[in-house]
């Protein structure tokens, strides 16, 4: 049995916990959190041990994988602590890898020095629709790609997400999904221009419109919103020989209608008739760590995604296009 | 009211001719076209006189003309018509050059004739309703617009820069830009564009992405790409996602259509059934001439849109954000 511990028991931590328990040959030996009542309740429900910090977990048990599901601004310190222990512990980390490029690069460096595997949960790589879309593009079904339109909208996440110093805001936290998918599918970005609206009056939401030029010439438009009632995503890939389109509004094979309107504002995708992307992601990470499978996402790619997100943040803040190649901003 | 049409180079001329014929107070009496064959053909189709000499056409007793020549020829035709004291509805874009556009506006002003620019989407019942919703304050203050005006590659003179002035950016930025200016009563402060030729082996750009900030701080994206493939079920689209402080509007101007699975021609097609916006445009132009009022879409509206298009080219060429330096009219 491979021993896994989960750091952070918020919405995402609990989701990961439930998915780890479904994966064969995995023993969730501990959970780390701050909320004593919640910890106690979860430890009882899932028959595991609770800890108030990472150190007491690692002092108490020999863990093979820690899964970091903390708010983004805590990723760096948590990973540093895990990498710094005497034992070699593999790390699974919720996206984004870190809050900024400097932290991300420092973690990359530390992980190399100690030869630690870090696997970052860029969920779109495990999303059946987006993974299939990439595969079709790579197979050339629309020929050479010219213009790409992507849109991702969810409800306002509130809590620590509303603080840019904790979450990186919409451009990092939500944008990184599509930015990573773009890097994965089309390669590096040449330059980016982003515009960002942060609204507090009437209703609180964030909204961003981003134009990217990939190094291979593809022109991309990305729309991001933290102002929808539920997750909505869409894409359009226009190539020399055709057009691929998809929209989350029209992909549910089963629609449930009940007398009571569903009032919940769930910001995570519902997964009907398909395996959860998180289950696939965590199973894959286990396979990488336990069986030495080669990861679908490398830590270098996770660093690059953070760099790109940070470039969009810089662009939006300063109203200038940002060139990725030189790492310097050009007026 | 007697009306004539200058050139059928632009496809919209046929729709305008149709609605001029349908209008109870209008007589479509004359057509001028430098293509003599087309002039005869169209004159037969619309039961009117055909001319190949512009002076003869303008010497008739028509009160108003619709100019549908190639973009680069708008200047010559509009100024000639103005000097002959004809009121003018001019196809968009107003011209291919800002100085040309200014000369056209000045000529019409001097001759005291109406110059209306054809932005028919304003007259779509969908957009009329959108304007009411925005003005009602239902979705609060507008903060962002994400728009598309996609099309199939039109070919013909549209891809000949000396006649069209440019490709997809010239053809398609202006519609959404005009809608934005009209809906929000705002102007562009700065613009950024990535334009390119990615789909066809042609001399003008066939796609791109435009990002603008308005004077009020509203952010706007416009996708003017000729990125609809040949198999697309219709010519293109006009869509807008409008974000307001109290709510959002999601607009698909041509959503009212039937889907036709057409075995006869082996294709899937959209058949629009909503009210044709071109009819609204023609009716508005005619009533504006009749009542002698200011046109609802002025030469300045055409000029401001062209100004932004030119700035978009500048931005794309220099890969920089361009601050708009609006010329006084």
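Each residue, glycine too, has its Cβ placed from N, Cα and C.
If you check TrEMBL, you get these features:
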DOMAIN    B:2-119  domain 'Gfo/Idh/MocA-like oxidoreductase N-terminal'
DOMAIN    B:127-249  domain 'GFO/IDH/MocA-like oxidoreductase'
Segment confidence, the domain 'Gfo/Idh/MocA-like oxidoreductase N-terminal' (B:2-119), expressed as mean pLDDT: 97
Tally of residues which DSSP labels helix, strand or coil - the domain 'GFO/IDH/MocA-like oxidoreductase' (B:127-249): 35 helix, 39 strand, 49 coil
Residue counts (helix, strand, coil, in that order) that DSSP gives for the domain 'Gfo/Idh/MocA-like oxidoreductase N-terminal' (B:2-119): 52 helix, 27 strand, 39 coil
